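Engineer: Feature annotation from Swiss-Prot assigns S-adenosyl-L-methionine binding site to Ser194, Cys227, Pro228, Gly229, Gly230, Asp246, Asp266, Asp284. Residues or ranges marked as active site, proton acceptor in Swiss-Prot: Lys313.
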Amino acid sequence: MNKLALYCRMGFEREMAAEITDKAAEKGVFGFVRVIENSGYVIFECYQADEADYLARELDFQQLIFARQMLVVSDLLTDLPQQDRITPIVQQYQQIADKIDLKQSTELLVETADTNEAKELLGFCRKFTVPLRQTLKKQGWLRASNHAKCGLFLHLFFLRNNACYVGYSYNHNHSAHLMGIQRLKFPADAPSRSTLKLEEAILTFIPRQKETEWLNENQYAVDLGACPGGWTYQLVKRGLFVYAVDHGKMAASLHETGRIEHCAEDGFKFQPPKRQKIDWLVCDMVEKPSRIAELMTKWLLNGWCHSMIFNLKLPMKKRYAEVQQCLQYIADKLTQRGLAFQLKAKHLYHDREEITVYLRLL
């Protein structure tokens, strides 16, 4: 078991490969990446046998930008017999159980990649889950409580209906969602589908127990590039008053709430009203990521806000390098000023050729 499988958005396999290579090296782990273009996943093969498990425990999943899921996997099982796929899978898990206590397992996820071709397997995966779960429980697995120390999820990652990786992830260091995807329902009254990006960002970056404390009716926000109001909608829904900055029109439904002021200005030139404390800045403007990074940094250095969520658009070829440069620029500028901060970034399911960044002064 010297392999990690990392799920990612189709077309971002090279970024995922570069990131896991860098982050593993920081932990003193080296290996090579197997990349298939547009497959929606990569396999990182460690040079030493137990290092994949070490990374699954110790490499902070929340710090991986392009990974939707991270799990330790076996060699690929191929030519699974159609009449009995379960037996070879259980045999593989029995080998894993010699080193890993599978009695600590709490859940089973039977998954495939998030590609148009692989999605055809989803129906099969759903049907296969029930009989496999019953068989694994007979082995004494999948019976631990959700609060089990060192709890595990068991995963099957199908490439075809007769070929899969068998693996596991650690409950404290993974995504609990099937395929690593947090699926959200589009609100019927939202002005645009971009609203789901900010909703997913809030659910991803802000601790559930802190959401109402950090986002409530006593707070003020600025939305740069707000039109028609997809991101403003999420803030107003949580009670915030929003200065919506855009030359374009905002949805009438948002004006009717009485919780927005439309500022028909350039997002790069706008400054918050004097003597008005701004808690949050959000920004989904289509612009070079370096310009957005500079603008966001300016807001923090000027003391105009203390928390922000923004997107960095990535249409260029060297996307991973661009992300690293932008995040390093922000971190360097804030550190030089002596500011303590929390910085997280993620390629969210509802993002496309972009990543979402969460930044908060401490």
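Don't overthink the numbers, they just go from 1 along the chain as shown.
Every residue gets a Cβ built from N, Cα and C, even glycine.
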Engineer: Under 8 Å Cβ-Cβ from the residue listed as 'active site, proton acceptor', six or more apart in the same chain: what's there?
Structural biologist: Val286, Glu287, Lys288, Pro289, Ile292, Glu353, Glu354
Engineer: Within 10 angstroms of the C-beta of Cys227 (S-adenosyl-L-methionine binding site), what count of other C-beta atoms is obtained when all protein chains are considered?
Structural biologist: 19
Engineer: Quick one: give me the count of other CB atoms within 10 A of the CB of Gly230 (S-adenosyl-L-methionine binding site).
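Structural biologist: For Gly230 (S-adenosyl-L-methionine binding site), the 10 Å Cβ neighbour count is 23.
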Engineer: Ten-angstrom check, please: count other Cβ atoms within 10 Å of the Cβ of Asp284 (S-adenosyl-L-methionine binding site), all chains counted.
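Structural biologist: I get 22 for this one.
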Engineer: Under a criterion of Cβ-Cβ distance under 8 Å and sequence separation of at least 6, what residues of the same chain contact Pro228 (S-adenosyl-L-methionine binding site)?
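Structural biologist: Non-local contacts for Pro228 (S-adenosyl-L-methionine binding site): Pro191, Ser192, Gly248, Lys249, Met250, Ala251.
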Engineer: Quick check on the binding-site residues: of Asp246, Asp266, whose CB has the lowest count of neighbouring CB atoms inside 10 Å?
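Structural biologist: Fewest other Cβ atoms within 10 Å, among the binding-site residues Asp246, Asp266, is found for Asp266.
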Engineer: Quick check on the binding-site residues: of Ser194, Gly229, whose CB has the lowest count of neighbouring CB atoms inside 10 Å?
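Structural biologist: The binding-site residues Ser194, Gly229 were compared, and Ser194 has the fewest Cβ atoms within 10 Å.
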Engineer: Quick check: in three-state DSSP terms, what is Lys313 (active site, proton acceptor)?
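Structural biologist: Its secondary structure by DSSP: strand.
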Engineer: Please state how far apart, in Å and to a whole number, the two most distant Cα atoms are among Ser194, Cys227, Pro228, Gly229, Gly230, Asp246, Asp266, Asp284, the recorded S-adenosyl-L-methionine-binding residues.
Structural biologist: 20
